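Some notes on the structure that comes next.
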Amino acid sequence: MRKRNESVTVEHERAAAAPAPLDKGCSLRHSLRLPAADTGMKRPLGRRHGLWFRLRRLIIWLLGVYIAIPFLVKLCPAIQAKLVFLNFVRVPYFIDLKRPQDQGLNHTCNYYLQPEEDVTIGVWHTVPAALWKNARGKDQLWFEDALGSSHPVILYLHGNAGTRGGDHRVELYKVLSSLGYHVVTFDYRGWGDSVGSPSERGMTYDALHVFDWIKARSGDNPVYIWGHSLGTGVATNLVRRLCERETPPEALILESPFTNIREEARSHPFSVIYRYFPGFDWFFLDPITTSGIKFANDENVKYISCSLLILHAEDDPVVPFHLGKKLYNIAATSRSFRDYKVQFVPFHTDLGYRHKYIYRSPELPRILREFLGIPEHEHHH
């Protein structure tokens, strides 16, 4: 009996000392919970690391592009030339330049002239408002003969981008026509429907060809030259050449002009992100002059002998106002203008005329009448 009791006691103690068997369900639950909790902690960390990696990769890529662009421009000066001319930007789109009436110019004729072999330029000739009714249904010969009527002529040289059918340009033609002027404008070679490759020399030669074409038909009527933005560079090139051959226009009007293309490029909003880049001039400005593009208005005005009117809006975001003012100061002190009128007309920021809306000014007709004089036909009214 004692042995049996002792064996029972030993077995009882062994059983008590042995660990209790774990519940299978409980064990499974624990084994599942622990990895799940661990994964939940790792997932946000993984997301954050992945987001940071992508952001870092984007920053490195953008930095690489930022650094590569100056070298690309330096190695390919033609890129800068295209950015100066922007002749590939044809706005407004889908207009037929052969049909100026589609732009509300019912008193306008479309011509094509050939300044050089393999170069053809599209020209618009808008007659004065007094001739609108007579112009209906007339052909090119009638319009050419009309240049000999007693109305002054304005040769308009537009800026970069777009065509002769640009909205703000068309609105200016209408204003000038209503004031009694013929308006002749054209697209330089490489712009609009004009054939050829753009260059400063080519643009200037196109303008000279159109000027001579006008003078051959306008008799003794005054011919004025009006340049806007990049067109001011063409205008001063042209007028300097005309003065050198002693056939100057009656007056030169520069709207939103700059001093020279290097200073304009340095001040242009596109250059902001690179303006303080080491070697900015070497990377960005030298390739422009390497391409033969100077448009040196500040030099040209020293050789121009005719009346000069400069119009500039203070809030111009493309050609800064101070460049127009600087050009005026150079011209006003130049000996070449000592016998001619030089006038600068600013337009206050509050008016909101910016780079291309000076035509909206109700003061513009008065400014032109006082500077150019009243067109002869208006004396009869």
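Every residue, even glycine, has its Cβ placed from backbone N, Cα and C.
For 1-58, the entry in Swiss-Prot reads topological domain 'Cytoplasmic'.
Long-range contacts of the transmembrane segment (59-79) within its own chain (CB-CB distance under 8 A, at least 6 residues past either end) are made by residues 273-274, 277, 279, 282-284, 286-288, 290-291. The annotation transmembrane segment is assigned in Swiss-Prot to 59-79 on the grounds of similarity to another entry.
Residues or ranges marked as topological domain 'Extracellular' in Swiss-Prot: 80-381.
Secondary structure at N106 (N-linked glycosylation site), as computed by DSSP, is coil. Long-range neighbours of N106 (N-linked glycosylation site) (same chain, six or more residues apart, CB within less than 8 Å of its CB): W132, A135, R136. Annotation source Swiss-Prot lists N-linked glycosylation site at N106.
Under the three-state DSSP scheme, S229 (active site, nucleophile) falls in the coil class. For S229, the entry in Swiss-Prot reads active site, nucleophile.
Long-range Cβ proximity for D316 (active site, charge relay system), meaning a same-chain Cβ under 8 A and a gap of 6 or more residues, is found for S256, G324, R354, H355. Look at Swiss-Prot and you will find D316 (among others) tagged as active site, charge relay system, backed by similarity to another entry.
Counting every protein chain shown, the number of other Cβ atoms lying within 10 Å of the Cβ of H355 (active site, charge relay system) is 18. Per Swiss-Prot, active site, charge relay system is recorded for H355 (among others), and the stated evidence type is similarity to another entry.
S229 (active site, nucleophile) is surrounded by 22 other CB atoms, counting those within 10 A of its CB over all protein chains shown.
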